[in-house]
Amino acid sequence: MADIASTDALSSVRADAPRISFVSLGCPKALVDSERIITSLRSEGYELSRRHEGADLVIVNTCGFLDSAKAESLAAIGDALKENGKVIVTGCMGAEPEHIRDVHPGVLAVTGPQQYESVLAAVHQAVPPSHDPFVDLVPPQGIKLTPRHYAYLKISEGCNNRCTFCIIPKLRGDLVSRPAADVLREAERLVAAGVKELLVISQDTSAYGIDVKYAASKWKDREVRARFLDLARELGTLGAWVRMHYVYPYPHVDEVIGLMSDGVILPYLDIPFQHASPTVLKRMKRPAAQEKTLARIQKWRQDCPDLTLRSTFIVGFPGETEAEFEELIDFLDEAELDRVGCFKYEPVAGAPANDLGAAIPDEVKEERWKRFMEVQQRVSARRLKRKVGTRQQVIIDSVGPTVAVGRSKADAPEIDGSVHVASRRPLRVGEIVTVKIERADAYDLHGMAVGF
Ligand code: SF4
């Protein structure tokens with residue numbers, strides 16, 4: 001959950017302006033939606049409040065991906081109703097308004113994901129904007145909920161895949177790609193405002209542009225096609241770190257590895273494999289062929305030895321047999337992925353996967369999850385240890401009295417590990433320094449700044 005109080009969105013508070021308290025739940029894609037809504041509200045003269053109490057209105061941007069996320073969203077709406085009373089709900093859960101109204105009939109309005117205009121219309125109705133000419137309080141890069149030195153860059157909405165465990169396409173619709181020039185202009189503004197790292201996100205980053213047949217748009221003096229490879233190459237010219245998230249394992253992903261080995265974008269690929277057993281992958285409606293995946297990983301690493309691979313997996317998928325689970329464990333051992341997240345399957349209402357096999361009992365899911373994590377922890381620790389003695393570039397996220405904490409090119413914010421940096425001179429947040437790695441533990445690295 002993003003905490004508005006930690007952002008710079010609260011500067012320049014005007015006493016008479018309507019005040020809005022905002023709760024942002026869910027993934028980075030939802031966070032970008034929140035940023036857009038807040039940017040529009042601030043440009044219309046609304047102020048943000050740190051507390052529900054005393055605000056004129058509360059907006060809750062919900063997440064409906066898993067049942068646990070839905071429960072968290074419903075609880076956040078309940079708190080807002082109790083502490084304030086005037087509540088507008090938006091985001092993924094807004095695609096099923098009856099579920100919200102069943103529990104909280106008192107909400108003022110419910111709008112779906114990406115329905116920015118509907119959210120604003122609901123806000124205008126509940127609390128009209130004040131007519132003050134002095135409304136130009138929004139910086140050109142918009143309002144960001146992330147720290148100043150990194151930003152999420154959303155390149156498309158929706159998804160054309162139909163993974164059987166996922167209801168996102170139902171909630172957010174089919175793929176809609178932004179023109180490449182729009183994305184690049186936004187990225188350029190962010191970099192001009194001090195952003196050092198761009199995190200490219202979408203539901204399916206490698207599908208970028210398929211819906212618009214890779215249409216070109218004009219940026220600077222050239223035409224740039226809405227194509228994963230072309231966009232990545234242009235983003236790499238802006239002088240910031242560019243990190244690719246949510247890359248579905250299509251064959252053409254192989255093409256961007258060259259940009260990584262050439263240093264154009266970060267050698268980092270967040271590629272959710274979800275499973276390794278061909279039969280489970282088939283039931284998941286994900287691309288199968290585990291041997292091919294292993295061969296591809298090997299080739300990627302040959303072409304780009306510094307490549308960091310992050311992935312996510314699901315254990316306890318309906319009907320998952322012990323043999324299928326063991327295929328996954330064998331894959332983990334062989335693939336040697338650097339960073340891995342593992343989820344126990346949750347039967348999200350409306351997901352076709354729920355009917356594709358017998359539900360796996362919770363205790364079996366738990367046991368498989370533990371076995372999975374044990375194997376992966378060993379793999380991750382082994383890979384981290386190889387970095388001891390090397391020099392890594394590290395972007396500083398926070399500074400303390402004795403050590404600063406940052407991330408190497410191998411670590412995305414929030415989900416990966418950190419590098420703890422000792423330094424003879426004080427470090428600044430957002431600074432990129434060279435660090436000699438002295439020690440590794442299960443998730444993090446420790447070292448000394450040697451180049452500034
Ligand atoms: S790629 Fe699959 S899991 Fe990801 S959003 Fe699309 S349907 Fe859902």
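Don't overthink the numbers, they just go from 1 along the chain as shown.
Glycine is treated like the rest: Cβ placed from N, Cα and C.
What you are looking at is a predicted structure, and each value in this text was computed from that prediction instead of being measured.
The following features are taken from TrEMBL:
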- CYS27, CYS63, CYS92: [4Fe-4S] cluster 1 binding site (BINDING)
- CYS159, CYS163, CYS166: [4Fe-4S] cluster 2 binding site (BINDING)
- 18-128: domain 'MTTase N-terminal' (DOMAIN)
- 145-382: domain 'Radical SAM core' (DOMAIN)
- 385-451: domain 'TRAM' (DOMAIN)
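Feature annotations (TrEMBL) mapped to structure.
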| residue | record | Cβ neighbours (10 Å) |
| --- | --- | --- |
| CYS27 | [4Fe-4S] cluster 1 binding site | 18 |
| CYS63 | [4Fe-4S] cluster 1 binding site | 22 |
| CYS92 | [4Fe-4S] cluster 1 binding site | 28 |
| CYS159 | [4Fe-4S] cluster 2 binding site | 23 |
| CYS163 | [4Fe-4S] cluster 2 binding site | 21 |
| CYS166 | [4Fe-4S] cluster 2 binding site | 21 |
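Candidate binding-site residues: CYS159, CYS163, CYS166. Nearest to CYS63 ([4Fe-4S] cluster 1 binding site) by Cα distance: CYS166.
For the pair formed by CYS92 ([4Fe-4S] cluster 1 binding site) and CYS159 ([4Fe-4S] cluster 2 binding site), distance between Cα atoms is given as 14 Å, rounded to the nearest Å. Within the domain 'TRAM' (385-451), the DSSP-based counts of helix, strand and coil residues read 1 helix, 35 strand, 31 coil. Counting residues per DSSP class in helix, strand and coil order gives 55 helix, 22 strand, 34 coil for the domain 'MTTase N-terminal' (18-128). On the backbone, the CA of CYS166 ([4Fe-4S] cluster 2 binding site) and the CA of CYS27 ([4Fe-4S] cluster 1 binding site) stand 14 Å apart. According to DSSP, CYS163 ([4Fe-4S] cluster 2 binding site) is assigned to coil rather than to any helix or strand.
With a cut-off of 6 Å between Cβ and the nearest atom of ligand 1, the binding-site residues CYS27, CYS63, CYS92, CYS159 reduce to CYS159. The [4Fe-4S] cluster 1 site is defined by CYS27, CYS63, CYS92, and by the 8 Å test on Cβ atoms against their centroid, the other residues of the chain that qualify are LEU25, GLY26, LYS29, ALA30, THR62, GLY64, PHE65, ALA69, GLY91.
Within 8 A of the CB centroid of the [4Fe-4S] cluster 2 site residues CYS159, CYS163, CYS166, the other residues of that chain are ASN161, ARG162, PHE165, ILE167, ILE168, PRO169, GLN203, ASP204.
Between the CA atoms of CYS27 ([4Fe-4S] cluster 1 binding site) and CYS163 ([4Fe-4S] cluster 2 binding site) there is a gap of 18 Å, rounded to the nearest whole number.
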